[in-house]
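Per Swiss-Prot, the features are as follows:
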TOPO_DOM  1-37  topological domain 'Cytoplasmic'
TOPO_DOM  59-77  topological domain 'Extracellular'
TOPO_DOM  99-123  topological domain 'Cytoplasmic'
TOPO_DOM  145-157  topological domain 'Extracellular'
TOPO_DOM  179-195  topological domain 'Cytoplasmic'
TOPO_DOM  217-235  topological domain 'Extracellular'
TOPO_DOM  257-291  topological domain 'Cytoplasmic'
TOPO_DOM  313-332  topological domain 'Extracellular'
TOPO_DOM  354-469  topological domain 'Cytoplasmic'
TOPO_DOM  491-557  topological domain 'Extracellular'
TOPO_DOM  579-671  topological domain 'Cytoplasmic'
TRANSMEM  38-58  transmembrane segment
TRANSMEM  78-98  transmembrane segment
TRANSMEM  124-144  transmembrane segment
TRANSMEM  158-178  transmembrane segment
TRANSMEM  196-216  transmembrane segment
TRANSMEM  236-256  transmembrane segment
TRANSMEM  292-312  transmembrane segment
TRANSMEM  333-353  transmembrane segment
TRANSMEM  470-490  transmembrane segment
TRANSMEM  558-578  transmembrane segment
Amino acid sequence: MKSEGESGPFQGILRDIEGRRKCYKQDWIRGIKTGIRILAPTCYIFFASSLPVVAFGEQLSKHTGGALSAVETLASTSICGIIHAIFGGQPLLIVGVAEPTIIMYTYLYSFCISRPDIGRELYLAWVAWVCVWTSVLLILLSIFNAGTIITRFTRIAGELFGMLIAVLFLQEAIKGLISEFHAPEIKNQETGKSHFLLIYANGLLAVIFSLGLLITALKSRRAKSWKYGFGWLRSFIGDYGVPLMVLLWTALSYTVPSEVLPSVPRRLFCPLPWEPASLYHWTVVKDMGKVPIMYILAAFIPGVMIAGLYFFDHSVASQMAQQKEFNLKNPSAYHYDIFLLGIITLICGLLGLPPSNGVLPQAPMHTKSLAVLNRQLIRKKMVKKAKECMKMKASKSEIYGRMQSVFIEMETSPPQDNSVATDLKELKEVVMRPDEGGDTKGKFDPDVHIEANLPVRVNEQRVSNLLQSVLVGLTLLAVTVIKMIPSSVLWGYFAYMAIDSLPGNQFWERLLLLFIPPSRLFKVLEGVHASFVELVPYRVIVTFTLFQLVYFLLCYGMTWIPMAGIFFPALFFLLISIREHLLPKLFDMQHLQVLDASDYEEIVAAPIQHSSFAYRKLGSSHHLSEGEDEFYDAEILDEMTTSRGEIRIRTISFKEVHPEPEEKHVTFEPH
C-alpha cells in the first residue's frame with residue numbers, strides 16, 4: 001500500500017478516486033463483454049455469500065430474542081453489496097454481514113435488556129446511534145489516511161483473529177447442538193414420557209444432520225482433487241458441493257416418520273419480509289429520539305470498538321482480494337473504501353440493519369473465480385492463434401508476436417511499461433527455443449506450453465459483484481424455503497466453517513506440531529510443509545507458538561466476560577505495539593520474520609509438476625476435452641490457495657535438490 005502524497009487530509013481518498021475513475025467505465029464494459037460466462041463466478045460467489053449470511057441470521061435471532069433475523073442479514077448484505085458494486089473502489093471485494101458483527105450485536109443486546117430505560121424496545125434505536133458513531137469514526141479514519149496503518153497488522157494478528165472466529169464458530173455449533181435437546185418450541189399435548197421422547201428424538205436427529213452436513217461438506221470441498229469422475233463433475237461439486245449438501249440434508253429431514261410431530265426436527269425461525277416483525281426495523285429512525293442522551297453519548301464506546309473491528313476486517317479482506325500473485329492491473333482504493341464503509345454503516349444503522357463489511361474467504365474466492373474465467377478465455381484464443389500460425393509455417397518470432405497481440409488484446413487494462421514482456425518471458429523462451437535435430441521434446445506445443453507458462457489474469461469488472469448482490473436480495477422472496485432448513489443443519493454448517501478455515505493458518509499448523517514427538521518430526525519434512533519448519537529452530541517455534549496460544553486464550557476469555565467482552569478488538573490493536581517493541585527483544589529478528597512473514601510460503605519435499613502437464617509430456621495421444629481444460633484451471637488455482645484465500649508460495653527443498661551433507665538445514669531440536 002503506497003503512502004506517497006497522503007500526508008494531508010483527504011489525500012488518500014482523492015488519490016483512490018482518481019485512480020479508479022480512469023478504469024470505472026472499463027469495469028462495466030469488460031463485465032458486459034464477458035457475456036453469459038460471467039454467470040459462473042456470479043453463482044459461485046452467490047452461494048458462498050448467502051449461506052453464511054443465513055446462518056448468521058439464525059445466530060443473531062437466537063441471541064437477540066428475535067429482534068433481528070436472516071431477513072435483516074440478507075437485506076443488509078444485498079443493499080451494501082449493490083452500493084459497493086456500483087460506487088466501491090475495489091469491485092472484487094465482497095461485503096456481507098460477518099461473525100464479528102454478530103458478536104458485537106449480541107453484546108449490545110445483553111447491555112440493553114439489562115437497562116430498564118432502554119430495554120428490548122429501544123435496542124435497535126440505540127444500536128442505530130452506535131452505528132452513527134461508528135460511521136463518523138470510519139469516515140475520519142479514511143480522511144486522515146489511516147488506511148496505511150493496516151500494513152502494521154502482520155500475520156500474527158490475522159491468524160489470531162482467524163483462529164478466534166473459528167473457535168467461536170465451533171462454540172456456536174456446540175451450543176446449538178446442545179440446545180436441540182432442550183428445544184422449547186417442541187410441544188406435545190401429552191406430558192411426561194412422550195414429551196421427553198420427542199425432545200430426545202429431536203436431539204438425536206440434530207446430531208445426525210449436523211455431523212452429516214459437516215462430513216459431506218468437507219468431502220465435497222475437496223472434490224476438485226478427487227481421482228474419480230469427469231473434470232466438469234468434480235469442478236461442479238467442488239464449487240457448489242456445500243449448498244448441495246445443505247439441500248440434501250434438508251430433504252432427508254422430511255423422511256422422518258409421519259408419527260413424529262411436524263415440529264421434529266426443529267427448523268429455522270425466520271419471519272416473512274412483509275410481517276410486522278420484519279417491517280419495524282425500516283422505521284427504527286423515528287425511535288432514535290427516544291433514547292436518553294446519556295446512552296447516546298455512551299454509544300461512542302462500542303462505536304470505537306466496532307469501527308476498529310470493521311477497519312481491520314474490511315482492509316484485510318480487501319488486501320486478500322488483491323494479492324500481488326493475482327497480477328491485478330487496476331489500482332487499489334483502501335482509503336476510499338473505508339470512507340464508503342462509513343457511509344454504508346450509517347445507512348444500515350438508520351434502517352435497523354446489521355452493517356456489512358468485507359468478508360473472508362469470499363473476497364479472495366471472488367478474485368480466484370474471475371482468474372479462472374479470464375485464464376480460460378486468454379488461453380483458448382492464444383492456442384487458436386498459435387496453431388493458425390504453425391499451419392502457415394510462420395517463423396517463431398511471428399508465432400510469439402501473434403500470441404502476444406492476443407494477450408494484449410485480452411488484457412483487463414492497458415499494459416504499462418514492459419509488464420507484458422515480463423509476464424510472457426517464460427512463454428517467449430519456450431517458443432523461441434531452437435530445435436535440436438529430430439528431438440521433439442523441446443518443440444513448442446501450444447496445448448502444453450501455453451497452459452504451463454500463462455500468467456494468472458483476473459477479469460476485473462463490477463458486473464459479477466452486482467449480480468450476486470441482487471441475487472442475495474432476491475433470496476428474501478424465498479424465505480418460506482429457507483424456513484424449511486433444519487436448525488441442526490446450520491449447526492453443522494458452523495462447524496464446517498470453523499474446520500475449513502484452519503488449513504493454511506500457520507498458528508494452527510504450529511499447534512499441531514507441538515503434538516508430534518521429536519523422533520517423528522522427520523515425517524513433516526516428507527510432505528509439503530511451511531518454510532519455518534526448516535528455517536527456524538524447533539524450540540523457537542514452540543516458544544513463539546506458546547506466546548500466540550496464551551494471547552489467543554486471553555482474547556477468547558474476554559469474549560466470555562458479559563460487559564467487558566465488547567472490548568476484545570482492542571487486544572488486536574495492542575498486538576501492533578507488542579509485535580513492534582516486545583517480540584524483537586524475545587526472538588531473533590530473522591526467526592521472527594520467517595514466523596511472521598507476510599507471504600504463505602511452503603516447501604515441497606521434491607520437485608513437483610502439475611498432473612495435467614506431466615500427462616501430456618508423456619506423449620499420450622488422449623487429449624483433454626474443453627471441459628477438462630477449464631477444470632484444470634480451477635484445480636490449479638484451488639491448490640494455489642489456502643482456505644482463507646491466501647496464495648501459497650511453494651519452493652523446492654534445498655535438501656532434496658542439493659543432497660550433499662555439508663550443511664544441515666533441518667533445525668529440529670529434541671530437547
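Cβ coordinates are placed from backbone N, Cα and C, and glycine is handled just like the others.
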Stretch contact, the transmembrane segment (38-58) with the transmembrane segment (333-353), Cβ-Cβ under 8 Å, 3+ pairs: no
Helix, strand and coil totals (DSSP H, G, I; E, B; other) for the topological domain 'Extracellular' (217-235): 13 helix, 0 strand, 6 coil
Intrachain residues whose Cβ lies under 8 Å of the topological domain 'Cytoplasmic' (257-291), provided they are six or more past its termini: 54, 57-58, 61, 66, 68-72, 75, 118, 122, 124-126, 128-129, 180, 183, 185-188, 198, 201-202, 205-206, 209, 350-353, 476-477, 479-480, 482-488, 490
Recorded stretch, among 236-256, 470-490, 558-578, maximising Cβ pairs under 8 Å relative to the transmembrane segment (78-98): 470-490
Beyond the flanks of the transmembrane segment (333-353) by at least 6 residues, Cβ under 8 Å: 1, 6, 12-13, 15-17, 19-20, 72, 75-76, 79-80, 83-84, 87-90, 93, 95, 124, 127-132, 134-139, 141-143, 145-147, 150, 280-285, 310-311, 314-315, 318
Per-state residue totals over the topological domain 'Cytoplasmic' (99-123) - DSSP helix, strand, coil: 16 helix, 0 strand, 9 coil
Helix, strand and coil residues within the topological domain 'Cytoplasmic' (1-37) as assigned by DSSP: 27 helix, 0 strand, 10 coil
Among the ranges 124-144, 470-490, 558-578, the one whose Cβ pairs under 8 Å to the transmembrane segment (236-256) are most numerous: 470-490
Residue counts (helix, strand, coil, in that order) that DSSP gives for the topological domain 'Extracellular' (145-157): 10 helix, 0 strand, 3 coil
